[in-house]
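Right, one structure below, let's go through it.
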Amino acid sequence: MVADVLLTHFNQLFCLNDPGHPLTGQEMKKATIVEDGYIAIKDGLIVALGSGEPDAELVGTQTIMRSYKGKIATPGIIDCHTHLVYGGSREHEFAKKLAGVSYLDILAQGGGILSTVRATRSASFDNLYQKSKRLLDYMLLHGVTTVEAKSGYGLDWETEKRQLDVVAALEKDHPIDLVSTFMAAHAIPEEYKGNPKAYLDVIIKDMLPVVKEENLAEFCDIFCEKNVFTADESRYLLSKAKEMGFKLRIHADEIASIGGVDVAAELSAVSAEHLMMITDDGIAKLIGAGVIGNLLPATTFSLMEDTYAPARKMIDAGMAITLSTDSNPGSCPTANMQFVMQLGCFMLRLTPIEVLNAVTINAAYSVNRQERVGSLTVGKEADIAIFDAPNIDYPFYFFATNLIHQVYKKGQLTVDRGRIL
């Protein structure tokens with residue numbers, strides 16, 4: 001077979017034989033590091049990879065040849081938890097945060113999520129589209145090729161649908177692949193204050209059926225937290241969503257452990273998010289139910305909290321984990337997955353191999369794209385992040401700098417030395 005593109009002489013390729021399930025426990029410590037590696041691409045797919053000189057049959061008169069001495073290649077990075085589409089920003093709350101006002105106290109004062117809800121409700125489709133596109137551009141420049149994007153800053157049907165429509169439009173227009181999550185249960189809207197059940201009924205009866213019918217989202221999520229939605233309320237919504245055919249996620253055990261992990265396990269959610277306050281019993285329940293733990297260390301960093309999710313304990317117990325930005329205007333205003341990956345080492349005490357597995361193959365399973373992306377594997381799409389680094393440890397050791405040299409998306413050179421092509 002003659003390749004369309006042949007990428008050769010990488011210092012290292014980060015490869016993996018996809019086992020057919022998210023990596024758990026000791027599996028997360030394993031990878032195949034190919035020295036002097038090459039990747040052959042045809043019709044947007046990986047058709048061969050190996051070490052040394054490529055087979056002669058891969059090279060034709062039209063084959064594009066590129067050499068990458070001094071560089072490494074990983075699968076395209078996957079950010080599987082973002083709140084991508086929103087209006088406004090919340091830097092005006094930064095002084096309060098520095099003064100020690102808590103996240104929940106800011107929310108109780110009408111700020112936080114509710115502040116962004118007001119800004120998003122007043123924002124036009126074009127405003128939201130352009131703002132979200134800029135964030136996606138930034139992510140792409142940092143090696144991200146697939147992104148999960150939630151609604152949740154409307155808390156009414158008109159605005160929630162506008163957010164989902166923006167995601168759908170960007171999925172068509174932007175190189176990054178987007179996976180949509182419906183999260184109208186992100187907070188209790190002011191017009192339903194004191195009556196969350198009534199709001200959940202509106203979501204179940206009036207919103208979810210339309211989202212499903214119009215194929216606006218693949219996943220449904222809820223914020224199960226003290227002073228937001230209880231475990232029973234979360235179970236009520238997610239069980240109805242599951243009956244309608246949605247895959248499930250749940251924000252759980254971020255600030256307090258109030259039963260969200262139990263709901264995730266009972267309903268076989270794909271993932272439980274945050275988990276800073278998870279208990280040993282909660283870890284065991286998620287492992288037993290096969291729920292992926294999606295950890296968001298940049299949120300803990302941004303909130304200036306001391307308690308990070310117990311990633312080391314989770315992996316050692318046999319759990320599958322992912323790492324994501326939680327990109328949002330309040331608790332985590334970043335879109336930099338390289339920073340998150342570095343926090344995975346510095347604050348969660350994971351190894352570079354564990355982090356790379358978390359943000360590639362496990363993240364692919366988390367967004368239900370494992371058949372297409374998540375590993376440098378023959379037959380998968382050629383989503384490739386190329387780092388200006390001599391080995392896979394270097395991007396973690398040399399932190400706070402964008403080390404992306406190039407990005408390939410579906411076999412096309414999409415980013416070249418800081419420019420989107």
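In case you wondered, yes, glycine gets a Cβ from its N, Cα and C as well.
Remember, it's a predicted structure, so these values are computed and weren't measured experimentally.
Together with Asn328, Gly330, the N-formimidoyl-L-glutamate site in Swiss-Prot holds one more listed residue from Tyr153, Tyr192, Tyr199, Tyr236, which is Tyr153.
Among His174, His251, His405, the residue that Swiss-Prot places alongside His81, His83, Asp326 at the Fe(3+) binding site is His251.
For the binding-site residues listed here (His186, Asp326), the lowest count of other CB atoms within 10 A around the CB belongs to His186.
Distance noted between the C-alpha atoms of His83 (Fe(3+) binding site) and Asn328 (N-formimidoyl-L-glutamate binding site) is 5 Å. Around the Cβ of His83 (Fe(3+) binding site), the number of neighbouring Cβ atoms within 10 Å comes to 25. Of the recorded residues, Asn328 (N-formimidoyl-L-glutamate binding site) and His251 (Fe(3+) binding site) place their C-alpha atoms 14 Å from one another.
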